[in-house]
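J.: I'd like to ask you about the structure that follows.
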């Protein structure tokens, strides 16, 4: 009857293939007719995807997904229990098309009737929720609830429809596991990520159910097509799902007894019978003439069912009008309306398919990853590829292409040398065009799928190469993902391969390009002999073209790619395989190429220029769009500098070679037009806003859990419910040594030896062992005579001085000569620090024996409250002062991190991950910890002398530091990997260092007593130059304010002593100054400061630490005066200081997205970026 769902026939009834998986299986289903080809992924979790789905964890319970999806009923479903199955077929039989037409026409009674020409039927039969299949005792677990539903995709020339059918009792469960919780199943349509004007954004999302389980049950009870459980949607006329049209008939007719024509009988007649874990199906009634099904080829276990079928693409870009779709075109294209839709056309000076356009003559790059498994020779074990880097470069104006793949082990590297096909497609895409012919990119752009089959003769080894080209990314590089599967014949190690010139015939149709060829290659073996071998080659390229214009109609149906100067080499030392070849696209008859240099590539134009042919052999060179010059030499145009407003409000312009990119500032995202930056509405975090009800930050921590929710918890050392926390008195008997007293503190306790005893409070003794310094000192004094004032050394003898804990004082002086110098913790002189008579070097505490206090505080972070803070270092700890506006909230100051026995020098802050980084010289290392709570982690512990200054590039995710013993500047990734020395010459005492990430600049100070200076370079160490060298004494601290573009420093000056050893300033260098590095205009901010060490800035204020005052001092740089001072409770020297921003400063650089396209280190420069290899890296290419 009209009220009962009759599913389309499936399974044994039509001899339909199904896939039953222990993991999941991959199946290729190829149909050669229809309007267009594209790849879809049928997933056992109840949906069809239009791109390869990401992992389950990214979409289960987290819709919408990042990939295109038609969800019949999506959830975590199970088909590996021998019962649940997924069936699929492409079916254009009259009965199936008739039934599809009935559903569509009944759902849209006011529209003209339609007659589909193609259909695909997918059935999820008796699938269960994904749960363990055994009970706790190991016996099979009985599954009592199963769902059955069906998706039919029907198409005709002008539209496509989705028909979803839910059997009356076919929905027996409505939620499935999603992580640690359950999620309601989902039905609807999601476009996934959509490429906007410059960046990708989440596309439209049309959901037919909600988060209420009742809406899932209603799928089998209600309708939008006039038949219970049948739901129809017109999807082809709205390719971006901005206006998915649901059926219009929601009324249910009176139900009548079921009939058995063309579909299943009453659903109950086909329900399985369960018997103790076994399942039995009543027999199907097979139709008289079974539908012909194309053979299915099974492949090794993979991830998804992959179906290549022919139907009108519901995601094609060319329906509608330019008025609503102009932003779908490239920024270098114009949109043109046609009677049946619109098309995008690249402007003069550019080429491509209109969706993506690149400048004529400009070199092109391709970046991507290689995955898969390849067997070599008769080896039973494959060589696995896991995200191996692939890079390619093409000089378009002469057709020369270069390809390199990294991390190729020696077991497979030599055997891949014949496969120029790995990078050959980019040669075709940007081949040198002969008159009247067009290369691949000019026809189809940069988004396509390429599958190649290589068969080696005579061994019949087969290799499949599958490549997904994902278009031009934000760095103007063509992005590609490559998968290799199969076997190749072995080429012995040490062999070379020579590949003769070859040609391929490419055949073009609407959305399909094919080619095939046979190639010979010669293997030169290590013993000097040669072996000529052959392989056969077939490839298919599928893509989406615009059907409305004349673009594809003007393409010659066949073209020939001619490839010569082929080079292949495996570099065993660096585990790299390289290919190079020259590519030309032209006539299939192989006619002689015209002699004009533009068509031979022998023209001498700049690599960023296009060659324009003239009469005969005459030609001119013209710089590509985005470049200036005479064509023989071309220079990049900085569009961002020439037109600062080119990206509009709330946007950031990033110049790139030949072009530019716009990105939205923090807190903004691209709107519906893909160009305008609009404010993001974000949920309010009560913990960050301070609107929570937790106890004060000194006793409790507020943890944000999403929405408006948060959790309060007491800090260690306190007890309570988080809203009220009370101190725990840890001073219980036996906590400390019997000769020590226990002192309870808020959240902790200390042990201190009684007077006359020495130790850390846990161990106390009446005698103290002499330290190295005391032993050294007393050994020298012991050989001298005692005078009336005590021991006196011989005249001219140096005697070391020790501090109150017995450690060497960091500054040692010779009483007779007046020279002073800095020493390390072992009393050894630090080179480059010795000063002349009457002068004093600025020496850093080197971490001696700690004072007798205890226990050691826990070395973890006391979480900071929301807002902006100052972080500064004292010996053994990092403290913070919160800022209210620009004022220091002194009563809120406290220690953030306790690191006993450590001497912390430099402090830096990563505003992205909320991490504090520091250097320490006791056991030289660089460490980090999250300021929201967590344990410290050492990221660099080796090959350090005395790391002092440290700075973070929060955009490029790198850190820089100075080492005053090794006299160098290094860079590394934030996890400590990929270290590289970028400056190691002409440095004596480098200390302060600061980054300007948005502009790609680095600044540092060297307090060399003989020639102090402040220098700058790009972040890769290039373009190094001295900014300030005159009128400098001891430039200790540096800070850069990105808002005003000012570099400021604090100068501790030079000191001289009089006969009473009272330090007097004789040089007027005790001051604070600023300059604009680009203009060199130097100005004084404040004079007469005492002994500054670290410096940072925030807004109108500069904050510095002072060794004389043991304080953090605030300076109003506009008023030129000190405005405030904070002295911590612990009165010791203060070292580095940094600003912990509540939000990252605005700005972008070339390394901020996808690591700038670099495989290893990406280091920003003012006009781009440098891809650099770590020191001693193997297999890295710069």
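Every residue, even glycine, has its Cβ placed from backbone N, Cα and C.
According to TrEMBL, the feature domain 'NIDO' maps to 72-238. Annotation source TrEMBL lists region 'Disordered' at 251-270. Sequence annotations record features per position, and here TrEMBL assigns domain 'Nidogen G2 beta-barrel' to 362-595. Annotation comment: TrEMBL describes 594-635, 636-678, 683-726, 727-763 as domain 'EGF-like'. If you look up TrEMBL, you'll see 770-843 marked as domain 'Thyroglobulin type-1'. Residues annotated as disulfide bond in TrEMBL: 813-820. The feature repeat 'LDL-receptor class B' is assigned by TrEMBL to 914-956, 957-999, 1000-1044.
How buried are the listed features, and what sits near them?
T.: When averaged over the domain 'Nidogen G2 beta-barrel' (362-595), pLDDT in the model lands at 87.
Long-range neighbours of the domain 'EGF-like' (594-635) within the same chain, counting only residues 6 or more positions beyond its ends whose Cβ lies under 8 Å from a Cβ of the stretch, are 332, 349-350, 359-363, 395, 397-400, 432, 434-435, 582, 584, 657-659.
For the domain 'EGF-like' (636-678), same-chain residues at least 6 beyond its ends with a Cβ under 8 Å from one of its own Cβ atoms are 196-199, 201, 327, 359, 362, 474-476, 608, 624-628, 1143-1144, 1146-1150, 1152-1153, 1167-1168.
Cβ-based neighbour count (10 Å, all protein chains) for residue 813 (disulfide bond) stands at 20.
For the repeat 'LDL-receptor class B' (957-999), the number of residues in each DSSP class (helix H, G, I; strand E, B; coil) is 3 helix, 23 strand, 17 coil.
Helix, strand and coil content of the repeat 'LDL-receptor class B' (1000-1044), in residues and according to DSSP, is 0 helix, 23 strand, 22 coil.
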J.: Across the domain 'EGF-like' (683-726), what are the DSSP residue counts per state (helix, strand, coil)?
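T.: Going by DSSP assignments, the domain 'EGF-like' (683-726) contains 4 helix, 18 strand, 22 coil.
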J.: May I ask for the residues of the chain that lie six or more residues beyond the repeat 'LDL-receptor class B' (1000-1044) and have a Cβ under 8 Å from a Cβ within it?
T.: 832-835, 839, 841-842, 949, 951, 953, 956, 958, 960, 962, 969, 971, 982-983, 987-994, 1050-1054, 1067, 1069-1070, 1075, 1077, 1080, 1082, 1092-1097, 1099, 1102, 1104-1105, 1137, 1145-1147, 1149-1150, 1163-1170, 1172
J.: How many of the residues that make up the domain 'EGF-like' (636-678) does DSSP mark as helix, as strand and as coil?
T.: 4 helix, 18 strand, 21 coil
